[in-house]
Structures are given as structure tokens and as C-alpha cells.
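Since the structure comes first, as C-alpha cells, the remarks are kept for the end.
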Amino acid sequence: MADDMLKSDNLPQNPERASLEGRNKFMGFWFFLGGETVLFASLFGTYLALRNSPAEGPTASEIFGLELVFIMTIVLLTSSLTSVYAMYHMKNGDFKKMQLWLGITVALGFTFLGFEIYEFYHYVHGYHFGYTTSAFSSAFYTLVGFHGGHVAFGLAWIISLMIRNAKRGINLYNAPKFYIASLYWHFIDVVWVFIFTVVYLMGKVG
Amino acid sequence: MADNTNSNEKQLYYRKKHKEEMKHHILTFAMMIAFTLIAFGLVIAEVSALFTIPIILVLAAVQVLFQLYYFMHMNQEGHEMPALMIYSGIFAALLTVLALATIVWW
């Protein structure tokens with residue numbers, strides 16, 4: 001009986017919360033996300049206080065290009081949807097399709113990260129806008145770079161899960177792991193919504 | 001055998017339910033794209049800052065609520081504790097932003 005429950009064609013509803021371990025992970029992860037919210041808030045607050053202190057360096061409206069930010073926003077938003085698709089297939093017990101959609105999510109994540117690295121490179125070499133240029137530049141790189149670090153970590157996390165569980169299929173043991181990684185991925189997009197609004201759009205408006 | 005038929009029916013029912021949820025997710029995604037377009041549009045059209053900034057902040061907040069309630073499934077049952085956690089986080093986050101942006105670095 002217990003064995004049956006672990007097979008992917010006979011999973012209970014909400015497999016991510018069907019075991020005690022899964023429920024604990026679920027609860028603990030939301031607790032963690034509450035803490036992450038405050039962590040990012042401290043970086044946003046610092047950025048808001050220092051964004052008008054460019055010293056001798058360039059100002060926000062001089063360096064930000066909205067085209068690239070728009071593309072990055074759409075890429076990350078789409079990757080949020082594809083990870084919803086992955087969870088949809090997980091709940092239907094379709095492991096292959098879940099892996100496929102997670103793969104697409106990872107590809108979009110790498111695209112986003114690539115654009116961000118290009119963006120930073122462009123600022124440093126095109127505008128001499130380094131980390132230590134001004135209070136504004138330090139606050140900017142810390143906030144946006146921290147988000148980029150979260151993207152990189154999320155990618156490593158999802159890829160590890162995909163490889164580790166490639167031959168296992170979905171079961172009650174790994175369903176919570178996949179579910180929580182996808183929550184993390186959505187949270188990254190939540191933070192990005194505020195970054196493109198507060199940093200880039202408000203930076204352009206002045 | 002009877003048990004098997006029953007579980008098949010159940011599975012069909014849940015698949016249908018998941019499909020229904022997926023429709024909501026796609027609708028949510030379309031709305032989020034629309035909000036993003038409006039926010040970028042306002043800034044590109046150079047509408048006055050006094051008008052633009054509050055609007056884009058509200059759009060961001062709404063977009064995040066969509067993300068939390070639909071993509072992160074907070075609209076489903078059993079999310080009382082997550083709601084408590086995330087709203088406590090948001091409360092502390094608002095205080096943090098307020099304090100840092102107004103007093104601390106002054």
C-alpha cells in the first residue's frame with residue numbers, strides 16, 4: 001500500500017503536502033520567504049535613500065536603457081509561467097512533461113542572467129559605472145546583484161533537482177522538493193517586479 | 001476492480017480541476033504582461049512623475065499579489081500559515097523601507 005502511494009500514477013492530491021516532511025518543508029519555506037522579503041526590503045530602502053547620490057558618476061536616467069530591462073522582465077515573467085506549467089504536470093503525475101517545463105524555465109533563467117551580466121558589463125565599461133563609483137552605484141549593484149545571485153542559486157537548485165531525480169520519477173519524497181524550488185522561482189520574479197519598477201522605471205522618471 | 005474505477009474517476013475529476021486552475025494561471029499571466037506594458041508605457045510616454053510613480057507602484061503591488069495568490073497558490077486551501085508568514089514579512093519590509101528611505105541615511 002505504502003509502496004503504491006509512492007508511484008507517480010497513484011499520487012494523492014497535493015503530493016507536496018501529503019507527507020509530514022513535505023508539510024514541514026512547505027511551512028518552513030514560507031517562513032524563509034517572509035525573511036527574504038525583509039532582506040530585500042533593507043536593500044530597497046538603502047537604494048531609495050542613496051539613488052540620488054551619484055557623486056561624480058553617471059545618474060540613473062543617464063545609464064538605464066528600458067529596452068533591455070523590458071526584455072529581461074518578459075523573460076523572467078515567462079519563466080514564472082513555465083514553472084507553473086511544471087507544477088501543473090507534477091500534480092497530474094506526468095514526470096517527463098514536468099522535467100521538460102522545468103528545463104524551459106532553466107533556459108529562460110539563463111537568458112535572464114546573461115542579459116544581466118551584459119548589462120553590468122556595459123555599465124562598467126561603457127559608462128565607468130563601477131561598484132565604488134558612488135553611493136548610488138554601490139546601492140544599485142548590491143540590490144540588483146543580490147537578485148541576480150538569487151537567480152543563479154535558483155538555477156543551480158532546479159538543475160540539481162532535475163538531475164538527481166531524473167530516474168526516480170515523481171514520488172511523495174521529491175514532490176515537495178520540486179514544489180518548493182518553484183515557489184522560490186516565483187519569489188525571484190516577485191522581487192524583480194519591484195526592481196524594474198523602483199530601480200529602472202522610477203530611475204527614468206527621476 | 002470497483003476501487004480502480006473509482007480512482008480513475010477521481011483522477012479524471014482532478015485533471016479537469018487542474019486544467020481549470022491552469023486557465024486562471026494563463027489569465028493571470030496575461031494580466032501581468034498587461035500591467036508591465038502599462039508601467040513601461042507610462043514611463044516611455046513621459047507622463048508627469050507625480051502621476052506615474054504612484055501608478056507604477058500600485059501596478060507592481062497588484063502584480064505581486066497575482067503572483068502570490070495564483071502562481072504561488074495562496075488562493076488554495078491550507079495557506080493560512082504562509083499568509084501569516086508572508087504578510088508579517090511584508091509588514092516588516094514596509095517598516096524597513098520607510099525607515100531606511102526617510103531617516104537612517106539622511
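Backbone N, Cα and C atoms are what each Cβ position is placed from, and that goes for glycine too.
TrEMBL labels come from automatic prediction, so no person has curated them.
According to TrEMBL, the domain 'Heme-copper oxidase subunit III family profile' annotation covers A:1-204. Per TrEMBL, the feature transmembrane segment maps to A:27-48, A:68-88, A:100-118, A:138-163, A:183-203.
Mean pLDDT of the predicted structure over the domain 'Heme-copper oxidase subunit III family profile' (A:1-204): 93. Non-local neighbours of the transmembrane segment (A:183-203) in the same chain are 29-30, 33, 36, 40, 44, 47-48, 51, 60-61, 64, 66, 69, 72-73, 76-77, 79-80, 83, 105, 109, 140, 143-144, 147, 150-151, 154, 157-158; each lies 6+ residues outside the stretch with a CB under 8 Å from one of its CB atoms.
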